[in-house]
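In TrEMBL this protein carries:
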- 38-57: region 'Disordered' (REGION)
- 43-52: compositional bias 'Acidic residues' (COMPBIAS)
- 258-315: domain 'Anaphase-promoting complex subunit 4-like WD40' (DOMAIN)
- 259-301: repeat 'WD' (REPEAT)
- 398-440: repeat 'WD' (REPEAT)
Amino acid sequence: MITAISWVPKGAMKTLPEVADPLLREDIEDILRKRIMERNGDDDSEEDEIMEVDPLRNDDEVAKALSAADTLVKKSKKASSDAPLEDLADGLKELDMDEYDEEDEDVDLFGTGTSSIYYPSNEVDPYLLKDKDDDDSEELEDREINPIDSVIVCGRTDEDYNYLEVYVFQEDLGDGDTNLYVHHEIVLSDFPLCTEWLDCPLKGGNKGNFIAVGSMDPAIEIWDLDIIDAVEPCLVLGGQEEVKKKKKKGKKASIKYKEGSHTDSVMSLAWNKEFRNILASGSGDSHIKIWDVATGKCNITMEHHKDKVQAITWNPCKPNILLSGSFDKSIVMRDGKAPSHSGYKWLVASKAEVECLAWNPHEEHSFVVSLSDGTVKGFDARDAVSNPSSESTPTFTIDAHSKAVCQVSYSPTAKDLLVTGSEDKTVKLWDLKDNQPSCVASRSPKLGALFSVSFSEDSPFLLALGGSKGKLEIWDVLSDASVSQRFGKHRA
């Protein structure tokens, strides 16, 4: 299934992403040793002896991995040391050329000299060199991403593993043709629950191109999208401490987390576009944390919810205002500049849980919340009161779907255009003009339950859809006549 979708701004990707250097055997062994330690756990015993891990003796899975690494190294060394002349000699022996009839001696089977059939190395063979250049050229062409291309990152999981898929979408190839393909993948260590693009310059310069991933693991992984075949994230926020002590036999291991870490799944992420080093996270531990990704530290922890924090979002007009929604059926608005203030709270329903939140990018006081009962409600932040004791009155309510509305997204340019995606397998477009919502279009895209719907910032009528069937679809909503008639004037 596709669990999360993030658009990458056009031009943010390098034209030719770099390929990561392959890991050495020592690096593989170190990674596997850490995983063994994490699996074995830690306790509060007084033993100071460092755990000695002999993967080849104590762990079959690790032994196989390291053995394979050894084999690859040996093959690599052998391939580089074997002489081409020996390979050719072995090949001639297999053909048994010495047994050919002597009457064919005058027939020049191989030409007048060996230079016409083989060369001491591939590097000096003009034919192979040409093929190599062609292959390199094709490989570079496959890796190339044009500044006008759209890039979409999807969190994905299947029966075998969890990963990110980095798609390239080319809108105009002539005659209205489009092209969507997977550029590269990033293997993850756990089930991805949410993703968030950010451009904080973690590696120097003025900008960066990174994707943050929240998963079932309390750690938040941040990956460099300009690196292909990376096996480890460039930064990890929180997570478990590395285990260094032996467990006492028969004693249950206790888990220790890094300072400031979440202690449960990371269910929501929100990057602050104004303060680019700031990333907010909501967790199953009911806490919200504000991270400084430049230092990798948690600066603020908020504990105003009593259940899992399913959704968080910064106000695009007032970037110090953070909105959060929880399974405790409440929405809380907090000011990041006044963390000691308890904030403002809305109780959204007696039974339904919060699924998603979105600020209206065209009206700084308006936001919507989608719920597990299929409804979508609009609120005005100016109506907020501190700690209300009863359910808050929304500005509008839409009975949008028959099942949970997993995600909502505003068009960045077409005022009042909202999309909703649901577990009922449908996606709907709404006109919210004057707080009198009306459904403009509805589709059943055959993607299964829709977990992710998101408008592009650069092409505001392009909508990315993903769901339980694991397929990504890009829908130009202006191709629908009703949408084009009502919102076509906002076309760029």
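A Cβ is built for glycine as well, from the same backbone N, Cα and C atoms used for every other residue.
Predicted, not measured: the structure shown is a model, and the values here were computed from it.
Across the repeat 'WD' (398-440), DSSP assigns 3 helix, 22 strand, 18 coil. Per DSSP, the secondary structure of the domain 'Anaphase-promoting complex subunit 4-like WD40' (258-315) breaks down as 0 helix, 29 strand, 29 coil. With a cut-off of 8 Å between Cβ atoms, the residues of this chain six or more beyond the repeat 'WD' (259-301) that come close are 193-202, 212, 214-220, 222, 235-240, 307-314, 316, 319, 322, 324, 326, 328, 336, 339. If you average pLDDT over the domain 'Anaphase-promoting complex subunit 4-like WD40' (258-315) in this model, you get 95.
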